[in-house]
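A.B. asks: Take this structure, written in structure tokens, and hold onto it; I'll ask about it next.
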């Protein structure tokens with residue numbers, strides 16, 4: 001976008017175009033990445049690859065999805081310093097190149113792993129953090145809904161690309177199917193053109209003069225404070241003079257009467273410190289000792305406020321991750337704070353369920369009726385038919401991403417995350433009992449809805465707890481937690497399945513436990529008030545019964 005289009009206020013409609021760009025990038029990237037397991041059977045029987053084992057093929061899934069968060073740390077560091085458009089263009093080029101190199105040059109499965117899968121991993125990292133950071137910069141009130149739109153792309157891609165890939169691999173083989181999938185990289189070109197980070201609108205001189213005149217009319221010579229500036233204490237003396245003079249003026253005013261100075265802190269009862277005139281001169285009727293103690297207390301409060309506000313620029317003041325661009329060492333130390341650890345652990349545990357499902361869904365469903373397995377007596381479900389179940393999964397991912405994102409705007413992101421993780425954990429457990437196409441479709445709808453909701457709310461949790469000039473780094477660092485789940489889960493699940501006579505029951509149990517445990521971590525570390533927005537609004541509302 002041109003600079004004139006990016007200088008807009010928060011929650012501007014143009015922000016939805018930026019959210020749409022993130023949706024399109026995820027449609028392309030996750031739609032292609034999630035199709036990899038569909039080709040496992042064809043690769044396993046391909047003599048040009050040397051008939052690789054299922055475990056060796058699953059390593060490609062680990063690299064493409066599991067290593068992506070590791071590269072996401074570097075991408076998150078870069079997105080704070082480079083335009084998101086540059087990162088998205090790089091993502092599109094890498095994915096397109098990987099598809100064509102692997103489909104034309106691969107002589108064994110490891111060439112596929114370290115060309116297509118590795119390029120796809122880096123490409124996914126280059127689009128995820130930039131898209132989320134760019135979208136979050138445009139929204140304040142509707143950030144949950146915007147993030148829901150941004151992260152709905154994975155569901156749309158899963159609904160469109162894997163079913164087509166399933167038909168192509170049956171008709172043409174995995175090599176030709178890879179080349180046909182590269183057509184979807186054109187979507188990344190459009191998404192790159194739409195992405196941009198919001199910048200604050202320029203303030204012309206006339207508007208600044210009008211604001212100054214309004215401030216002078218507000219009383220006591222104090223200027224109206226802008227919403228993005230720190231609160232100041234005192235009147236003209238505090239605003240115009242140096243540190244020491246400002247402090248002495250305000251302290252002297254406090255010791256004399258404590259009636260005309262506004263402070264930046266207000267007690268819970270809603271009354272300011274110096275509100276004697278507004279409340280009938282509460283100081284009357286007190287003896288000299290009580291009046292002296294009251295004035296001293298007021299002066300002490302002013303001292304605290306002045307020390308906090310006037311000395312904000314001194315070197316000894318603690319630097320905040322919300323207001324300062326942190327050094328690498330400070331970024332490392334901030335990773336041990338509760339907000340970061342809570343987000344990191346939520347994603348770390350959730351990734352086991354997510355990547356296990358992406359890897360195991362189609363092989364599990366297509367194993368129905370397969371000889372030599374525990375499902376030999378079940379009516380068979382062919383691979384191309386099993387791949388169509390991703391349509392149900394993808395459609396409900398879209399619904400879940402948008403609906404849960406909207407729900408998070410009404411209540412809290414923590415409530416939405418805990419709810420989706422709990423229901424999704426139950427659905428993953430029931431998946432072990434599925435034996436028919438209809439049962440799998442119903443369960444994948446529920447799981448897709450919940451996983452997409454968690455995926456959409458996660459960036460909102462990160463932006464809420466770790467907002468500031470380092471947000472891009474924190475996006476990448478939190479998503480780094482997915483390395484363990486994404487890299488380890490597919491091979492581990494393949495090994496467990498082979499050692500249990502082809503049974504995927506333990507795979508479903510691992511997914512269920514991961515989802516449920518993720519809900520517990522969010523509840524314990526991130527959900528501070530333990531109340532939803534609707535409950536808080538209901539408690540503040542006083543209903544009067546009219547007889």
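The backbone N, Cα and C atoms fix where each Cβ goes, and this holds for glycine too.
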A.B. asks: Going by the topological domains annotated in Swiss-Prot, do residue 437 and residue 469 sit on the same side of the membrane?
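C.D. replies: Going by Swiss-Prot, residue 437 and residue 469 are on opposing faces of the membrane.
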A.B. asks: Identify the transmembrane segment range according to Swiss-Prot, selecting from 317-337, 506-526.
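C.D. replies: Matching range for transmembrane segment: 506-526.
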A.B. asks: Candidates are 295, 501; I want to know which one Swiss-Prot annotates as N-linked glycosylation site.
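C.D. replies: Among 295, 501, the residue Swiss-Prot annotates as N-linked glycosylation site is 501.
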A.B. asks: By a Cβ-Cβ criterion of under 8 Å, what residues six or more beyond either terminus of the topological domain 'Cytoplasmic' (459-470) are in contact with it?
C.D. replies: 80, 132, 136, 143-144, 147, 150-151, 320-326, 331, 334, 339-340, 342-343, 346, 405, 408, 413-414, 417, 478, 522, 526
A.B. asks: Mind giving me a neighbour count for residue 501 (N-linked glycosylation site)? Other Cβ atoms within 10 Å of its Cβ, every protein chain shown.
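C.D. replies: Taking every protein chain into account, the count is 11.
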A.B. asks: Does the transmembrane segment (12-32) reach the transmembrane segment (387-407), going by 3 or more CB pairs under 8 Å (6 or more apart in sequence)?
C.D. replies: no
A.B. asks: Look over the recorded stretches 59-79, 109-129, 345-365, 387-407 and say which has the most C-beta pairs under 8 A to the transmembrane segment (145-165).
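C.D. replies: Stretch with maximum Cβ contacts: 387-407.
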A.B. asks: DSSP secondary structure for residue 501 (N-linked glycosylation site), reduced to helix/strand/coil, please.
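C.D. replies: Its secondary structure by DSSP: coil.
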A.B. asks: Looking at 176-196, 345-365, 413-433, 438-458, 506-526, which one has the highest count of Cβ pairs under 8 angstroms to the transmembrane segment (59-79)?
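C.D. replies: So the stretch in question is 345-365.
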